[in-house]
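One structure is given below, encoded as structure tokens.
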Amino acid sequence: MRKPLIAGNWKMNGSAELIETFGRTFAGVELPSPVDVVVHPPFPYLDAARSAFAGTPLSLGAQTLNPLHSGARTGEVSGQMLAEFGVEYVLAGHSERRQLYHESDEQVYERVIAALTVGIRPILCVGETLEERDAGQSENVVLRQVGYVMARLEPGQRRMMTIAYEPVWAIGTGRTATPEQAQQMMAAIRDYQASFDPALADALRLLYGGSMNASNAQELLAQGDIDGGLIGGASLKVDDFKAICQSAG
Ligand code: 3PY
């Protein structure tokens, strides 16, 4: 039985006030018992979030990290620093990082390793563009992105991983994959995982991302291979995010 995970990716949004609102609201929220919830605010809010989320079901997440431990990398943040702030999860390979900052599969892999080294759980984001979908390449692209990382990890490291399938054409566009499209890709990821690590395939958490919101979450989460969501815009609205978490049990 896989425990659902709901992750809120705030991207470059939010404020100190929103952190407090989340802390206050979730302090009194009853969530269905087996569900993990993580919020990924921008770096400057991590410290405030650590205090505000104490005593709530919210864990702390980061949106990226630099693979190096420390050094001359102006503007970057290392896994070691995130661990010091109590960060438990980090995104790696979000399509905005792949597209806008040209992160390659190799660079995504390096970030995953850096996170694992300091005990932070990576959420590996994968997904195809509209052109790739139209060319019938969706599954090839997604399984390449998954395989590049997962096949290089030790079995113990793989157990720390979560994979988020986010079709690029559904990110920030208001378009969502149908539950059937999402389920089909999740099943393909799980089958692929089974081809080189059958023991993990059943336990691996797979999230759907890409315009998931309070209205469509229930239907997506009802699919057999969808174990949670990586939520963009809706994770900035505390009531919507709470409703998504409540529908995940
Ligand atoms: C979205 O839903 O827009 C996301 O990118 C979540 O990461």
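Just so it is clear, glycine is given a Cβ too, placed from its N, Cα and C backbone atoms.
Not measured: the values here are computed from a predicted model.
Cross-referencing S211, S215, S247 against the substrate binding annotation in TrEMBL, which names N9, W10, K11, G172, G232, G233, picks out S211. Just so you know, of the recorded positions K11, H94, the Cβ with the fewest other Cβ atoms around it within 10 Å is the one at K11. In this record, substrate is bound by N9, W10, K11, G172, S211, G232, G233; the longest C-alpha to C-alpha distance in that set is 13 Å.
For E166 (active site, proton acceptor), the number of other Cβ atoms no farther than 10 Å from its own Cβ, over all displayed protein chains, is 28.
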